[in-house]
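Trainee: My questions all concern the structure below.
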Number of protein chains: 2
Amino acid sequence: MENNIEEAKQSIISKAPPLGGGGGSASIAVFAPATVANVVCGFDVLGFAVNEPGDEVVMRMTNTPGITISKITGDNGRLPLNPLKNTVSVSVQHYLNSIDRTDVGVDIELHKKMPIGSGLGSSSASTVAGLFAIKTLMGDETDSSTLLPFAMKGEEMACGHGHADNVAPALMGGFVLIRSYEPLDVVRLPHPPGLWCAIVFPDVDVPTREARQIIRNKINMKDAVTQWGNIAGLVSGLFMQDIDLIGRSMQDVLVEPVRSMLIPDFYYMREMAMELGAVSFGISGSGPSVFAFTKNEQTARRVTAKLQQHLTKIGIGSYTYVSTINDKGPRVIG
Amino acid sequence: MENNIEEAKQSIISKAPPLGGGGGSASIAVFAPATVANVVCGFDVLGFAVNEPGDEVVMRMTNTPGITISKITGDNGRLPLNPLKNTVSVSVQHYLNSIDRTDVGVDIELHKKMPIGSGLGSSSASTVAGLFAIKTLMGDETDSSTLLPFAMKGEEMACGHGHADNVAPALMGGFVLIRSYEPLDVVRLPHPPGLWCAIVFPDVDVPTREARQIIRNKINMKDAVTQWGNIAGLVSGLFMQDIDLIGRSMQDVLVEPVRSMLIPDFYYMREMAMELGAVSFGISGSGPSVFAFTKNEQTARRVTAKLQQHLTKIGIGSYTYVSTINDKGPRVIG
């Protein structure tokens, strides 16, 4: 986190007006990463960041108070340029309001470098990139995690729910537990260095709102006990650097049985991934992306290749990503 | 664990027949500790052992195949001398059957040094003491955790349910997670060295079976998410040695609201304990014992003293115990 802030400061020193200033021509480009939320047994409380994909925001200080969005690329026209309706500008505005800088004017370019509606925290990546950009431009050196409430405002707009399991890891990097929402209590978890993640996004439409709605409200205590045994096992495995324990613990008896119905050949893909040596396999966020943990890069690449091959065979396009866990979160790229 | 086995072996070398033998006059006395199961947010999956109270078993090899119970003290006549009905002898018999030593004869004395029906794993302590005694007498050097399935047989008889959240910590010592029952997967968790436990047993009757029956079968997904955020936080706190995180995480929105009704002045006692500096407060097992975690011995002693004083005032007798977490589990005492 510290490194990112230092990096960000270095990057704007040459072109910026005095830090904290509101006018001039300072500009910054920020990348923020995709994230895998839920992580199989951690519905609504766990998430981690990956190295790719992710979104980019270019932010320029302007002389007119208020926020404009001059350009969005990579969204096929799906995202609003209206700053009152875009999650990036809305959360940036919340941030500026909170520090009493409604005098500040910025223009935003959003470059979507990852698919929308993929279950990989697409809106979170954009929001976090925007917030990290404005924070850096304003010379705000507090820890990035202080941006979490503003990022959650963006999530509320995008998904109808102020969840933090995508925005927290996108913002803080690494593996993150949202222990509690009221009050907000976020814990950064360690992870084994050799853990790789294989992600496949089958290009079918699973809107987050609908994916939430099919989750049952009433569940069996017995299933809940199974689930919290597993999340406790997963957290233990992360601390113990025990990838096998992590794998054994990544079972979801509550959400996956329902959400998997919206994902083509989910169980067949799981079988393939496990046979190829994955230690776990599950849905990323509310899907349709799926992910596997593996013990090395080679296995991760084999998994993405084979799953993509299968999806192609059944007529479904897909995107694949292979990554370790991204411990940095957002970073200045220009 | 290794130390215990070594200790046990040293203790029987002088008096025993050849290790693994079935006849002769070898005898051994074993102590096994009380345990706190559930640990507030870990219903059915978490437990830890304490230094006191606990039960003692004296076991003597006899020349007649089979198990006899010659004496039980401290139970006010509540426990059966019939070896087919006593959890200690039943689990010892399971163990002997499993190693094909039905030729072995032993006599058991059970000395209850802790209250029955207290929610402190009374039957588990007896069962574990018996199993550790027979294992040691038989010269069995495998890890104590291998006794877990036999101990669970005893629990099944005592409580109508083969749970492991008392027997596992009684057997293995320390803080234990039962990640899964099928297959059985037990994880030993670390804990901060400075964590103290204050226990108060209000002497009222809360039978385990009934306490289980008042738990709802259907629960809200929202409450379950709160619960698994908390168990993940508790496990994180144990690994991070973060006693404040442990405290914040020890909240139970599912079981405590129901079971606390069977415990006199539960919420008043909680308020007292927290005001005295406890970091958490909750029900031990299915109650009626309650326990608090504290950051030092002095606070733990203040909590037990004040709670006992209050219970006396409302006409309820009580027993109190102050302990760190017991990392050893059962031990040979003679």
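Glycine too: its Cβ is placed from the backbone N, Cα and C atoms.
Just so it is clear, the model here is predicted, and its values are computed rather than measured.
Not my notes, these are from TrEMBL:
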{"type": "DOMAIN", "residues": "A:94-174", "note": "domain 'GHMP kinase N-terminal'"}
{"type": "BINDING", "residues": "A:Pro115, A:Ile116, A:Gly117, A:Ser118, A:Gly119, A:Leu120, A:Gly121, A:Ser122, A:Ser123, A:Ser124, A:Ala125", "note": "ATP binding site"}
{"type": "DOMAIN", "residues": "A:241-311", "note": "domain 'GHMP kinase C-terminal'"}
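Locate each feature and note its surroundings.
Mentor: In terms of DSSP secondary structure, the domain 'GHMP kinase N-terminal' (A:94-174) contains 43 helix, 7 strand, 31 coil.
Neighbour count (other Cβ atoms within 10 Å of the Cβ, all protein chains): 19 for A:Pro115 (ATP binding site).
The domain 'GHMP kinase C-terminal' (A:241-311): residue composition by secondary structure is 39 helix, 9 strand, 23 coil, according to DSSP.
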Trainee: Within 8 Å of the centroid of the Cβ atoms of A:Pro115, A:Ile116, A:Gly117, A:Ser118, A:Gly119, A:Leu120, A:Gly121, A:Ser122, A:Ser123, A:Ser124, A:Ala125, which other residues of that chain place their own Cβ, given that this set defines the recorded ATP site?
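Mentor: Counting only non-site residues, the set is A:Ala34, A:Met114, A:Asn166, A:Gly285.
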Trainee: I'd like the Cβ neighbour count for A:Ala125 (ATP binding site), meaning other Cβ atoms within 10 Å of its Cβ, all protein chains included.
Mentor: 29
Trainee: Could you work out which of the binding-site residues (A:Gly119, A:Gly121) has its C-beta surrounded by the smallest number of other C-beta atoms within 10 A?
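Mentor: Relative to the other binding-site residues in A:Gly119, A:Gly121, A:Gly119 has the fewest Cβ atoms within 10 Å.
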Trainee: Using a 10 Å radius around each Cβ and all protein chains in view, which of these binding-site residues has the most neighbours: A:Gly117, A:Ser123?
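Mentor: Going through A:Gly117, A:Ser123 one by one, the largest Cβ count within 10 Å is at A:Ser123.
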